[in-house]
Amino acid sequence: MSDQSVPSFRWVQSLKRGLSVWTTPVKADVLNDTRALLSGLDFSKVASVQRMMRRERRDDNDLTNLRDNLKEVDSLMTMRSSQKNMFLKVGSLSKDELMELSSDLNKLKEKVQRSERIIGGSGVYQGNFTTTHLTRRSEILQLVGIQRPGLNRRGGVVKIWDIKEPALLINQFGSTPAVTISCMAEQGGETLNDVVQGLTDLGLLYTAKFPNLGDLEALSNKHSCLKVITQEESQINISGFNLSLSAAVKAGACLVDGGNMLETIKVEESTFTTIIKTLLEIKSKERMFVDITPGQRNPYENLLYKLCLSGEGWPYIASRSQIKGRAWDNTVIEFDVSPRKPPVPIRNGGSPVLTTLKPEVEEQIKRSIESLSVHDTTWIDIEGPPFDPVEMAIYQPDSLKYIHCYRKPNDVKSFKDQSKYCHGILLKDIEFARPGIISAIIKHLPKSMVFTAQGSEDIRRLFDMHGRQDLKIVDVKFTAEQSRVFEELTWKRFEHLCDKHKGIVIKSKKKGTTPASTNAHCALMDCIMFSGVLLGAIPNDKPRRLLPLDILFREPDTTVVL
């Protein structure tokens, strides 16, 4: 997706709105830490680190000095991240959401590793290049035969660490507002109040646009304290002791009250999963993405990395130099369900059989599926979301065979909304649907079987959630009007095949579209009518049910009053 432009500021605004409930007023905390640093930090050592970071090449001694200074900073601050690895499982996040998160973290991992690649042998760490350095370096590498013409590498400024353990560099970069403010005050010879005023104005500007070097120069005429900020383009891996524009903007964001700034988000173990879920929803709405091309992170990538690095604290502004690992190391995604508890022994020996379906029911399902022809056109449709389906149908028009079943929903509120605007199924009619039938059907489907569907996304998710990535889906992609050409005829001819769609369905009209039908959506009827569109006619003969009705529902529990 490297060719896609990123509307960075719009993304930031959307993230601010969507995550505003987790933003916190941090000005007082930041200034308390700033005062602690002004009192306890040895700024001669800070100056030494700053000089070291301006050199083109650094060694193990330089890294030791950097890490020692960051440890001192961490010990003086109260706003610091603590190591807290997070484990995400199916439950509060759906399997689909976990798969999306896992994919994004893997892409982010590839981007970061390509941006901070190891070159020239073990222990030589390189940051990124400016365009000028890139051009000159490419010419030299081509001259000596190391790089082929046309091989493009881009990034920030050349930074080489000639060290034995590159892993020690992890989490030693990035700015902290308390450090930025204290350095501006102490090293710039300014009062703390003047620095706060100048950075507050910079933060206010940030609520309307991304401040650039021109904006910085203009604000410096009003606030002389801002003149100590480096007049250079942002770099990827620079010390938090460097007074860069991005560091100043971050500090300013913390000083703006009521701005719901992303920089002020606070994460706790109890809120982590909800924040991640909300982030994925915002991502989908704004069509955000992870771009694996080396370079600066876009707003979504930046927030995702910071959230997943440490599960507690302020991911943007806290001291995190003592955190070990990267985002993809510290947020673990587990797709497997929790192991079943061992069976409880029964009195006369042995243990109860803990299965969802009785063996005879599962065997009947297996025989029904074996009656399908693997090579015939096979339609499939579901009602309800893929993570909570309430109806599923499989239909083969050549033989007129079909499998049709129901499932009681977990989310009753969402089910009632879907009933009103879509399928018209009443909860009381499927309350005693035998659990586990849909899963058993999917489990026993022949390997690599091909299905036809009108809209494949939900079916794909349903199959993937059951570990059936081998099943194939052909999406016919009819328009809404095309798909329902035979709707009235199908219901008139075959409504006796399904009596579970008794509810009233309300027309739902989206802006710019024709109002939907008020006929209920039945998975079986939909399969028959969609097939009819392709064949040009609806069959006269009655389709044949493969799954007996008596196994679709269980007997309701009875209460005996003594």
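Glycine residues also receive a Cβ, built from the backbone N, Cα and C atoms like all the rest.
Across the residues of the region 'Binding site for the cap structure m7GTP' (53-238), the predicted structure has a mean pLDDT of 80. Positions annotated as region 'Binding site for the cap structure m7GTP' by Swiss-Prot: 53-238.
If you look up Swiss-Prot, you'll see ASP381, GLU383, ASP526 marked as Mn(2+) binding site. For ASP526 (Mn(2+) binding site), the Cβ neighbour count at a 10 Å cut-off comes to 25, with all displayed protein chains included.
Residues or ranges marked as Zn(2+) binding site by Swiss-Prot on the basis of sequence analysis: GLU391, CYS498, HIS501, CYS522. In sequence order, HIS404, CYS522, LEU524, MET525 are the residues near CYS498 (Zn(2+) binding site), counting only same-chain partners six or more apart with C-beta under 8 A.
Look at Swiss-Prot and you will find ASP458 tagged as site 'Important for exonuclease activity'. Residues within less than 8 Å, Cβ to Cβ, of ASP458 (site 'Important for exonuclease activity') and separated from it by at least 6 positions along the same chain comprise ILE382, PRO385, PRO386.
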Alpha-carbon distance [HIS501 (Zn(2+) binding site); ASP526 (Mn(2+) binding site)] in Å: 13
Nonlocal neighbours by CB distance (under 8 Å) for HIS501 (Zn(2+) binding site), same chain, sequence gap 6 or more: HIS423, GLY424, ILE425, ALA520, HIS521, CYS522
Non-site residues, in chain order, whose CB comes within 8 A of the mean position of the CB atoms of GLU391, CYS498, HIS501, CYS522 at Zn(2+): GLU383, HIS423, GLY424, ILE425, LYS500, ALA520, HIS521, ALA523, LEU524, MET525
Conformational class of ASP381 (Mn(2+) binding site) under the three-state DSSP mapping: strand
Cβ-Cβ neighbours of CYS522 (Zn(2+) binding site) (radius 10 Å): 27
Chain-mates of ASP381, GLU383, ASP526 with C-beta within 8 Å of site centroid, Mn(2+): ILE382, GLU391, MET392, ALA393, HIS423, HIS521, CYS522, ALA523, LEU524, MET525, CYS527
Distant-in-sequence Cβ neighbours of GLU391 (Zn(2+) binding site), under 8 Å, six or more positions away: ILE382, GLU383, GLY384, HIS404, CYS405, TYR406, ARG407, HIS423, ILE425, ILE430, LYS500, CYS522, ALA523
Reduced DSSP assignment, CYS522 (Zn(2+) binding site): coil
